[in-house]
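K.L.:
Have a look at this one.
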Amino acid sequence: MNRFKTSKFKNTTPRIAKKDEWISDVSAGSFSSQGNHIKASSKLVAFNTDQAGGGLVGLTSVTPGSNGQRTVAQISCHADLVTDMDFSPFDAGLLATCSADEMVKLWHLCDPEQEQPSSPEVTLRPGQGRLELLHFHPTSSGLLAVGATRSALIWDTSRQDAPLAALEQHGDQLHSLSWKRDGSLLASSSKDKMLRVFDPRAQLTPVQSAKSLQNNKDSRILWAKDDLLVTTGFDTMRGREVRLWDSRKLSSSVDSVSLSSSSGIVIPLFDEDTGLLLLSGMGDAGIDCFEVSSSEPFLSQVSHCLTDNSTRGVAMVPKTALDVMSCEVMRVLQLTNSCIVPISYQVPRKHSGQEFHEDLYPDTVGTTPAMSAEEWWQGGNQQVEKVSLHPDKRPKPAAKQTPGKKESDQPRGCSTSSSPLTTPSSSSSSAAPSRSPSSTSGLSSGFVSSPSQSSKNIQSLLGTASKFRHIQGVVMHRDTHITNIRNLNLTTPGECDGFCVNSQRVAVPLAISGGQIAVFERSEPGRLPDTALPTIQNSVNVADMCWDPFDPHRLAVAGDDAKIRVWRVPKGGLKETVTDPELIVQGHTEKIYSIKFHPLASGLLVSSSYDLTVRLWNLETGEQVRLLTGHQDQVFGMAWSPDGKLLATVCKDGKVRIYDPRKSTAPVQEGAGPEGHRGARVVWVCEGKYLLVSGFDSRSERGVYLFSAEALSSGPIASTFVNVSPSTLIPFYDPDTRVVILTGKGDTRVYVYELVPEDPYFIECSSFNSSEPHKGLVFLPKTECNVRDVEIAVGLMLTKTSIEPVAFRVPRVKKEFFQDDVYTDTAVWWEPALAASAWLSGSNGQHRKISLKPKDMTPVSEAPKEAPVRKYLPSSVYLEEKTDEQKKDELLSAMVSKLGNMDDPLPQESFEGVDEDEWDD
């Protein structure tokens with residue numbers, strides 16, 4: 001108790017910033033990963049966002065700008081959820097990120113008000129699956145600890161080909177990693193209830209380990225002072241607790257404290273200079289502060305701070321960013337759903353704001369690395385030089401940056417690395433090559449001196465940056481969902497999209513005998529009744545179905561009995577069960593794979609079948625009008641060209657074919673397609689000049705291939721590989737933007753690319769992640785997009801029990817203007833260009849086009865030009881000579897403001913238990 005009474009930090013008080021000082025424009029959401037979701041350097045703050053499937057990282061500044069506000073920017077870092085991130089302790093602008101896309105990327109970031117680099121400086125590919133954890137080494141530059149599912153890797157970023165060490169695998173999922181403050185040891189906790197301490201330079205197995213955790217639910221580990229380790233987790237009764245361990249003896253803890261009951265893991269943050277430990281539970285509205293001692297009592301509670309919002313993540317701001325003149329000893333940033341809340345921890349002192357209290361601020365760890373990663377790996381144990389926090393002893397920032405000069409803490413703007421992440425011996429080696437044409441790996445062997453120069457190099461190779469790079473997929477409000485769908489058929493053939501939609505209604509196959517189909521009106525969203533609904537009774541199982549593009553009431557359905565039935569849905573939707581089709585056409589001898597309506601001619605339908613034929617039907621007469629041959633195996637997919645003249649197919653025999661049905665029953669072109677035999681799809685892109693084929697390679701990896709429609713026999717001119725998954729990627733192509741959206745039935749991730757008819761052909765954009773595996777994603781016509789929200793595509797996502805609209809939006813600042821660079825005139829797809837008989841006789845047609853611009857919106861190209869805002873006052877303001885009277889008035893005003901009301905009590909008078917000698921000057 002005596003130690004607690006004399007502690008100078010026992011009265012440390014948390015102060016939540018005023019609401020106008022909170023960082024708004026944040027959309028955090030919930031994330032399933034082991035990271036803290038927010039990290040801070042002395043200049044920048046990076047945090048997870050729920051946009052673009054979690055692949056975007058939000059960026060803002062620690063201190064507000066000249067206008068008192070903070071700009072929030074977004075960086076597209078990964079194609080999947082960013083699971084963890086960390087700032088270098090030696091470069092305020094160097095951020096490392098890892099992701100579920102199995103990659104680690106290093107970014108040199110600028111002030112949020114400036115343009116951020118479009119590509120990472122370094123990309124690492126550990127090949128260990130999903131990555132969860134990331135920590136810079138505390139004393140060495142360019143050294144990372146990377147946590148995969150069950151193993152920890154030690155990486156020298158200047159040697160990108162392989163890690164320095166791959167530590168022994170854990171028995172179950174890795175929960176947390178932490179470097180010892182001197183950089184000699186690495187501690188871990190995992191789902192197998194084990195605590196481990198590694199000396200990576202000595203051996204790959206732990207030097208200390210014990211099965212000491214009480215529960216395998218989740219845990220965090222953090223190195224505190226000396227040899228003490230802090231863990232947070234759950235006890236045997238699933239209550240939350242914090243424990244303190246001697247790292248030399250992990251069999252039992254030296255102290256423990258039970259925390260409030262909740263399901264969220266507690267995130268620990270430790271300040272070495274004060275010995276204060278902060279604990280914030282995920283989902284909690286509070287932060288606990290404890291003091292850690294090397295002797296009993298080891299853990300003593302200092303304060304409990306109630307916050308206005310629930311925690312989604314917390315980060316500690318480095319010491320060099322604190323307001324030491326206000327006796328601020330710690331500052332944390334609380335990430336919530338919609339904002340970031342700064343919380344300052346201050347020690348009350350008599351002359352706070354006027355004097356620097358040296359007893360509160362021992363010299364702290366500086367920002368110059370003690371050694372390189374190679375030197376550390378060879379056995380070096382040098383420590384980072386400590387620096388004073390006294391305002392008069394801090395180094396002054398350089399007035400002008402010199403190219404190539406090493407700086408550890410840059411002023412606002414892009415930073416240059418002070419850490420030698422590449423060495424002369426490694427500068428000639430390039431990063432591991434990427435299989436994606438949109439990747440920039442291999443262009444640089446390490447960090448270049450100027451991020452802007454790097455961006456220019458990237459741009460010179462990739463051409464103009466995609467305006468859709470930061471596209472955001474958003475599930476629309478629940479009021480638009482159709483829920484409580486029962487008896488959904490989840491086993492439709494791979495050639496079927498799973499369901500089909502038009503602008504008015506949705507058709508969904510049901511797992512009910514008789515091949516029943518439910519039809520839902522899009523104008524009537526909400527929860528469906530538990531009672532039976534009227535359906536279309538197709539008599540046999542549904543193989544594929546599609547709506548007539550020119551008649552929203554006509555639905556064509558292909559069945560297992562080799563027949564195509566055409567059904568008519570009455571105006572207003574189904575009010576009773578429909579049993580009699582409008583038309584039945586037959587001619588195939590075996591089960592039908594898929595059917596497609598002609599895009600221009602009314603009443604013209606094409607079908608493919610197990611009998612290896614493709615047939616054209618005139619639904620106006622009910623007759624077969626063409627029979628196309630040449631396939632040697634199952635037809636995976638078909639697609640009409642945009643002008644309606646040609647038909648492309650992709651087949652299990654490994655061939656892509658193009659037919660001109662009016663001239664020949666045999667293909668007019670043929671070329672080698674994907675090697676895999678699981679499935680494939682085809683679509684025409686870039687005004688019909690190219691074919692996009694999705695399929696599998698010989699190793700069952702999903703990929704997308706681009707063929708020239710004029711030279712199929714030459715093979716694909718470009719390809720990009722996506723991942724390994726059993727479902728076929730189903731492409732949706734928007735001809736107005738040249739954006740292709742791909743996903744497979746049963747996937748949670750939706751991939752987005754912009755296609756360009758020149759190298760690099762594929763430009764990868766942000767992806768979208770659904771909360772659970774979907775059963776299909778089908779897109780609505782372009783006219784269903786809300787141009788005021790800059791939507792370029794709207795799809796309906798089918799889940800086990802619901803249909804949910806998903807909008808794909810392009811982030812834009814001036815949404816009050818019509819974005820005419822995004823919305824070109826679009827085709828009037830709902831009007832036929834000609835009749836089936838006219839097309840069959842040789843006539844061609846094309847859709848007329850209309851603008852999507854509302855009458856009350858002005859095109860952004862015609863928006864008035866804004867005058868540039870001057871950030872700094874002209875020099876004349878500073879040089880203006882003031883009169884003696886002006887100076888006198890200003891001095892008096894300042895003195896009165898400083899004195900305030902002398903009758904008010906001092907804040908310190910409310911504190912108790914402080915020894916009198918602590919107030920001595």
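Just so it is clear, glycine is given a Cβ too, placed from its N, Cα and C backbone atoms.
The following feature annotations were taken from TrEMBL:
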COMPBIAS  415-455  compositional bias 'Low complexity'
COMPBIAS  912-921  compositional bias 'Acidic residues'
DOMAIN    3-65  domain 'DUF1899'
DOMAIN    461-526  domain 'DUF1899'
REGION    385-455  region 'Disordered'
REGION    899-921  region 'Disordered'
REPEAT    75-109  repeat 'WD'
REPEAT    167-199  repeat 'WD'
REPEAT    585-627  repeat 'WD'
REPEAT    628-660  repeat 'WD'
K.L.:
As a quick check of your reading of DSSP, tell me how many residues in the repeat 'WD' (585-627) are helical, how many are strand and how many are coil.
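P.N.:
Final tally across the stretch: 0 helix, 26 strand, 17 coil.
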K.L.:
Determine how many residues of the repeat 'WD' (75-109) DSSP places in helix, in strand and in coil.
P.N.:
0 helix, 19 strand, 16 coil
K.L.:
Pop the mean pLDDT for the repeat 'WD' (628-660) in here, whole number is fine.
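P.N.:
In the predicted model, the repeat 'WD' (628-660) has a mean pLDDT of 94.
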K.L.:
Using DSSP, tally how many residues of the domain 'DUF1899' (3-65) sit in helix, strand and coil.
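P.N.:
Helix, strand, coil within the domain 'DUF1899' (3-65): 11 helix, 19 strand, 33 coil.
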K.L.:
Residue counts in helix (H, G, I), strand (E, B) and coil for the repeat 'WD' (167-199), per DSSP?
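P.N.:
Helix, strand and coil residues of the repeat 'WD' (167-199) number 0 helix, 16 strand, 17 coil.
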